Amino acid sequence: DFLCISLVNGFTQLRYNLGDRTVILQTLQKVHANGNTWHSLNAGRVGNEGYLDLDGINVTQKASPGMNALDTHTDFFVGGVSSLNLVNPMAIENEPTGFTGCIREIVVNNRELKLTVTDPKGGANIGDCDGTDCGYTVCKNNGTCLVENSGFSCSCPREWTGTTCEQSIHCSQNMCGSHALCIPQPSSFSYTCVCALGWTGKYCDNKIKFYIAKFVGNSYIKYTDPFYGKRDLQYSRLSLNFTTNQTEGLIAWMGTSENEDSDFLAIGLANGTLKIVINLGERISVPLMHSKYFTCSVGRWHFVTVVQNQTCIKVYLDEELILFEDIDPQRKYTALNYGGICYFGGFEIGRKVNTVTTGLFQKEFIGKIKDVVLFQDSKKIQLIKAEGYNVYDGNSGN
């Protein structure tokens, strides 16, 4: 199997083979080989249907019956390969040769690769394309980079300031403490301080403790499981108590959430109904919905437990078994490789729930969570010792 993008006689070509035949797509127009024109290229496949888009002009190869998974076990190469005998003869039209030119902003499966000296696994004969201290993304937020004798400077748009235009003018004189993020509020020419876990107050300078976490929207907790390396991932379990008066919200997400192929176990609310989704690899399982209407009465606590025994899923609500389903009788994938990461209430600030979960859940959780237990651990998770923002003490008030 392979997937290869190359230049052939001035045209861009995508070739891939999923195990049965080689599919070839070629752009309709040639690239400008003058060395100073940037081109935008989008290429890939969904199943065995390929697409190739150069500067907005798209070529698509309609799918026909056949293989639809790309099984490759080599490194990912950009611009050339470490050894030419790694290249399948069908992957390119002519003899393989390395790329000469500049490449920037590579995004693979929604993750941008950092094209720096240190981030790639290896490489050879690579230089700085720009040739100055002004790289492609040195100045943030549409700032303009200017080369100077001592390096560079950024000319910033009106709303931004700082050496790389990284700071909003509304936050330039902020009084947020060291345990806070400054969030600009352009409409009121002001800002708000969003407090890290364990801190509260207008400027996040009051220390607090809590055993019940209160989520107010735009809140999240990210917990790293210290025992992940010792877990038997074929038998996972997550239980917690929650209370809410909302009909939508992501309560918990076991998984790294880095890309759409990552394994996860998710608990949330959709249309006032408890919704569980589990992905053990390659495909997202059918969401499991609690059939009867679920009332989210204010102040009433609900106890939910999700147990994964290989591909068999059991869900208990208030100690009653409400769902019992085998999500894959073929047993192709049986382990929940969640990376030791658990999110509660939402994701990092700026990452929207409906985007990260690809529409499985619509918004952040608003309500309270307590008594979180992973697997068969004897102790509850100490949520306050995790990472997070905008989470309050749920003991105070109702």
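Backbone N, Cα and C define each Cβ position, glycine as well.
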Second cysteine of the disulfide that TrEMBL assigns to Cys193, among Cys176, Cys195: Cys176
By Cα-Cα distance, the member of disulfide-bonded residues Cys102, Cys129, Cys165, Cys195, Cys204 nearest Cys176 (disulfide bond): Cys204
Neighbouring C-beta atoms (10 Å sphere around the C-beta of Cys129 (disulfide bond)): 12
Neighbouring C-beta atoms (10 Å sphere around the C-beta of Cys102 (disulfide bond)): 14
Rounded distance in angstrom between the Cα atoms of Cys102 (disulfide bond) and Cys195 (disulfide bond): 42
